[in-house]
Amino acid sequence: MRIKGKTAKYLQKLIDEGQPIHFSLIDPDKVKDIQSLSKVASSLFKAGTSAFLIGGTLGVSKEKLDSILSVLQDFSVPKIIFPSNINLISEKADAILFMSLLNSDDLYYVIGAQVSASIIVKTIGLEPIPTGYLIVGHGGTAAHIGRARVVPYDNPELAVAYALAAEYMGMEYLYLEAGSGAPDTVRPEMVKFVSKYSEINLIVGGGIRTPERAVELVKAGAKALVTGNVIETDIERAIKIIEAMQRVYRIE
């Protein structure tokens, strides 16, 4: 049996307490000014973000990744790599979402990249968090790069089938991804349906722009939400999303 690491235990504790997890996604491609990143990260940390995800769909240099992780070391929440490929790995992070793109037609994204990365992850002592990655609806760049057969927004039954498969293969999380900057999020109805039939912990990301939609997704059964674009375009709204998620926890 695999023993959970420090980051996985931290996340599981939040879930066990009924507290929604908020991941702040930092895309190294879009960070132009390290000093500005420090201010943004400080605002997110003070608002109560649970962890930082670091990653992007397109290529990122190791040097840029390490410089961002160095800035984030000032904040006492986990720094978790959200990998687009095996180059996005660093010993400066606390953990990595060790993901399989479940609905890809390309075996590289299902298992090939994972085989290539596994020895590196082991060697540098990076904590892996087993995660199924499922692209839904719009999909965006992630769907194009990953050659995914996207799950339609209105087909929750198909999402359940993937969720059960991920659960039965021992994955701890299923990340339902609508795509960066998607015109709509994964629908709350899909989240609720998947939560009804599968016990896997659901992460939902893509297109989350308002506190109201964030609350809907949490109440539907999402254990964690990821916001990225809204952090880049409207930090005050991102903070309101975090605060709204915390109110759900306090009220319930």
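Glycine is treated like the rest: Cβ placed from N, Cα and C.
Annotated features in Swiss-Prot:
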BINDING   Asp27, Thr57  Mg(2+) binding site
BINDING   Tyr175, Leu176, Glu177, Ala178, Gly179, Ser180, Gly181, Gly206, Gly207, Gly228, Asn229  sn-glycerol 1-phosphate binding site
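Positions of the features from Swiss-Prot, shown on the structure.
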{"residue": "Asp27", "record": "Mg(2+) binding site", "Cβ contacts under 8 Å, 6 or more apart": "Gly55, Gly56, Ser180, Gly228, Glu232"}
{"residue": "Tyr175", "record": "sn-glycerol 1-phosphate binding site", "Cβ contacts under 8 Å, 6 or more apart": "Leu97, Met99, Thr131, Gly132, Tyr133, Leu134, Ile203, Val204, Gly205, Val226"}
{"residue": "Glu177", "record": "sn-glycerol 1-phosphate binding site", "Cβ contacts under 8 Å, 6 or more apart": "Tyr133, Leu134, Ile135, Val136, Gly139, Ala142, Val186, Gly205, Gly206"}
{"residue": "Gly179", "record": "sn-glycerol 1-phosphate binding site", "Cβ contacts under 8 Å, 6 or more apart": "Ile135, Gly137, His138, Gly139, Gly140, Thr141, Ala142, Ala143, Gly206, Gly207"}
{"residue": "Gly181", "record": "sn-glycerol 1-phosphate binding site", "Cβ contacts under 8 Å, 6 or more apart": "Gly140, Gly206, Gly207, Asn229"}
Around the Cβ of Gly207 (sn-glycerol 1-phosphate binding site), the count of other Cβ atoms that are within 10 Å: 23
DSSP-derived class (H/G/I helix, E/B strand, else coil) of Glu177 (sn-glycerol 1-phosphate binding site): strand
Span of Tyr175, Leu176, Glu177, Ala178, Gly179, Ser180, Gly181, Gly206, Gly207, Gly228, Asn229 around sn-glycerol 1-phosphate - largest C-alpha separation, Å: 17
Protein Cβ atoms within 10 Å of Asn229 (sn-glycerol 1-phosphate binding site), excluding its own: 18
